[in-house]
Amino acid sequence: MSLSVTRRTRLSTAWLIVLVPIVLLLIAAPWWAGRADLRLMGEIALYMSLAVLWNLLAGYAGLVSVGQQAYVGFGGYLFFALTMLAGLHPYAALPLVVLAGFVISAPVAVLIFRLRGAYFAIGTWVVAEVFRLSFAQMASLGGGSGTSLSPDIVRSLAEGRDAREAVAWWLALGAGMLVIGTVVWLLRSRQGVALTAIRDNELAARSLGIDIWRTKFTVYVVVSGLTALIGALIFLQKLRISPDAAFSANDWTAFVIFIVVIGGIGTLEGPILGTLVFFALRETLADLGTLYLIALGVVAIVIMLFAPRGLWGFLRDRWGLELFPLSRRVSGLAKKEA
Amino acid sequence: MDWLNAILQGTLLGGLYALFAAGLSLIFGVMRLVNIAHGDLIVLSAYIALSFGVSLGLNPLVALLLVVPTMALIGYALQRLILNRTMGEDLLPPLLVTFGLSVILQNVLLMGYSADPQNLQAGAIETASVTLGPLAVGVMPVMVFVTAVVVIAALQWMFYRTALGRAFRATSDRQDVAQLMGLNRAHIFGLAMALSLAVTALAGVFLGIRTAFDPAAGGARLIFGFEAVIIGGLGNLWGTLAGGVILGVAQTIGAKIDPGYQILAGHIVFLIILALRPRGLFPRIDG
Amino acid sequence: MADAILSLQALNAHYGDFQALYGVNLTVNPGEVVAVIGANGAGKTTMLRSIAGLLRNAPEAIRWKGHLIGALRADQVAALGIALVPEGRLLFPSLSVEENLVIGGQLGRKGPWSLQRVYDLFPILKERRLQQSTSLSGGQQQMVAIGRALMANPDLVLMDEISLGLAPVIIRQIYEALPGIVGEGLTAVIVEQDIAKALSVSQRVYCLQEGRVSLEGQSQTVPRDDITRAYFGV
Ligand SMILES: Nc1ncnc2c1ncn2[C@@H]1O[C@H](COP(=O)(O)OP(=O)(O)O)[C@@H](O)[C@H]1O
Ligand SMILES: [Mg+2]
């Protein structure tokens, strides 16, 4: 009997073949999509990235943060500072934002990892508040009322409005692919094995010699750096930043958590599906305003109580679907003696 | 003298923060639950007192007689109908469900009362003060502080001297064995949440008398309460009072340096204590 | 048997995919002491936890005084007069010795047992009444666990390996106290690994092996060879 362990399913192979034309189609979007559609697609790509990142943190590493707006706002502000105050070209500023995200999140992790479980969650919120209040003190970035990106920086991206919209879209799409690629890569690496082990049984993982702290630390820092990048791109799209918008718990955490819970926490496909559902709902129900948020909250609670694996978990249990080749399957091991 | 005054005001403010924190501390102690909607429930209490004030013409301090039982009932129902379904090994469900509740509460309040800041009018007592030598002390802040001390002493007594407290401690120790003693866990948890929200009602009404509030004001209150709990040490009620006082003093001293630093100073003191004494100043149980 | 106080009929129990009990039949008559023996992992604890309502996956299999109780919660089962002395004692560490006893009686069922009678039975506990339960020796903790169950004034007490991990002299002490406990209308199911001890205090005996009843008989007359076979499955 020959055993082989594979991560690939037939469906995921087919999916990879479909993926290439889809990506090409998306790259070509500026030639077939209108300006408003392009903006919406950019927003979707960025939200999807935030959701995938938060899911890695909470769904895989068990680090339930309600303070990721700290890094969204940090990335946005740092991007404005690097371009407007330090005079860097936006393309040079973006990698620096990621780097700075890594650097700032490392000591934060050391500090708040001392809090366990739900207290960790509130600790992340405190950190986000500290970030918000600190940036509100910075007069050079407009203090409490914020500032706008100066026109020449906007112009340095590309000539003409259409070209700029296209560049913004490509940046968002590229960031989204970078995020998904990084997460897939991380989950398939040794860290991914460690993460799965920790998620399934923290005690057993520890006895196998897995350094739980370091694994979680790595995830936290990687996620935070990439979240900062997404933050930079969000405010590059918005062209205006203020402490309340940059560190909004509603926009960058509540929505993101709802997306992941509805889509299916702890799966890679869940947040992607969740983002599409979220935007479909938003585009149809947004006029309901507050009622829409209440409905989202209710749906998320109901899902958490009655279908905690979310929409994707439901589909997967029903049909055994899996798009990303992540879970390891053992084949060749015919039915084991019961 | 200004500094002394700031410390005094901060200490009294700490009483309010201890009231924010006591409910959190209680439910964590009994069922290891951290309620993300705690701050929003504080704000809800203030709005309920506001409505009693408008409809029945009650002074908010009198309205407490209605708000406290109302919130206790809400707490019991919330725990039995929703939160008990999330209690288990996995931390994620209670966290995300109370987070969802938080968002729902904020938006329900927004629909019901609009985003305009509101205030509870308690009458002359709000501005009354007594002079202590060179210092003027508001009667209201003193009353809040004394209430906090009384509430914490009462909770402490309940926890260690009554049958209910014994049931709470037993359930906290070993849920299944407590069940063998004939204690229905679902009911015990319901009572703990009822008690937590009864304290929350006091906190909410005092908050509303002290400052203006709006539907989004809950988040900061959750954070202050949480910081007081962690500074004081998990599971230690008197420590929670100390934590509230430390936080309050940090904030008033910060505000004295620059009004923009008030809240920030509190957070920074919290982070420093977390760095130096991760289990808080007076720890009792493991988180 | 028609007048059995407790009967298990085809009791199955599962932990996830793993089945721990397979169709266990057992009856207990009023006033009787029934011993249940079996190797480690045979399913003895699982059986007691099922009866006590801590495992609730057999709504039809457990009958108490004629009523089906398999679907009830542990606190409801306790209110009907069934008390469990759990394996490993499982006292409440944040309660004092006396509080551990008092909480055992908090349902307020009427009967012969009171704090005073438990102290009469185990005088050492009275000396230690204000100490944290975790500061006691293993034997004393076991006395608290037994006393806590008696305080409920149950009609049936289930004892899970009360001699586990105790020194022989302590075990003897506890077993000497047993006759003063049963009698007086109290029925008992005693799970033990120590076969001799179990047989000496009981009228009837069951042996479990890998989740199944492998032997049933009168404690005084059942042949030793049968027990060895039923116990080890050889
Ligand atoms: N919580 C549990 N989860 C999974 N399996 C369990 C659990 N408790 C017991 N088991 C298994 O069920 C079987 C019976 O266990 P138990 O009833 O404790 O046996 P005994 O008390 O006779 O030693 C054993 O194989 C044991 O490994
Ligand atoms: Mg056992």
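The backbone N, Cα and C atoms fix where each Cβ goes, and this holds for glycine too.
Source: prediction; values computed, not measured.
Noted in TrEMBL for the protein shown:
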type	residues	note
TRANSMEM	A:12-32	transmembrane segment
TRANSMEM	A:44-63	transmembrane segment
TRANSMEM	A:70-88	transmembrane segment
TRANSMEM	A:94-113	transmembrane segment
TRANSMEM	A:120-139	transmembrane segment
TRANSMEM	A:167-187	transmembrane segment
TRANSMEM	A:217-236	transmembrane segment
TRANSMEM	A:256-279	transmembrane segment
TRANSMEM	A:291-315	transmembrane segment
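In summary, the transmembrane segment (A:217-236) does not lie against the transmembrane segment (A:120-139): fewer than three C-beta pairs, each 6 or more positions apart in sequence, are under 8 Å. Sequence-remote contacts of a segment are chain residues at least 6 beyond its ends whose Cβ falls under 8 Å from one of its Cβ atoms, and for the transmembrane segment (A:94-113) they are 70-71, 74-75, 78-79, 82, 88, 120, 123-124, 127, 171, 213, 216-217, 220-222, 224-229, 231-233. A contact links the transmembrane segment (A:256-279) to the transmembrane segment (A:44-63), because at least 3 Cβ pairs that are 6 or more residues apart lie under 8 A. Relative to the transmembrane segment (A:70-88), the listed stretch A:120-139 leads the set A:44-63, A:120-139, A:167-187 in CB pairs under 8 A.
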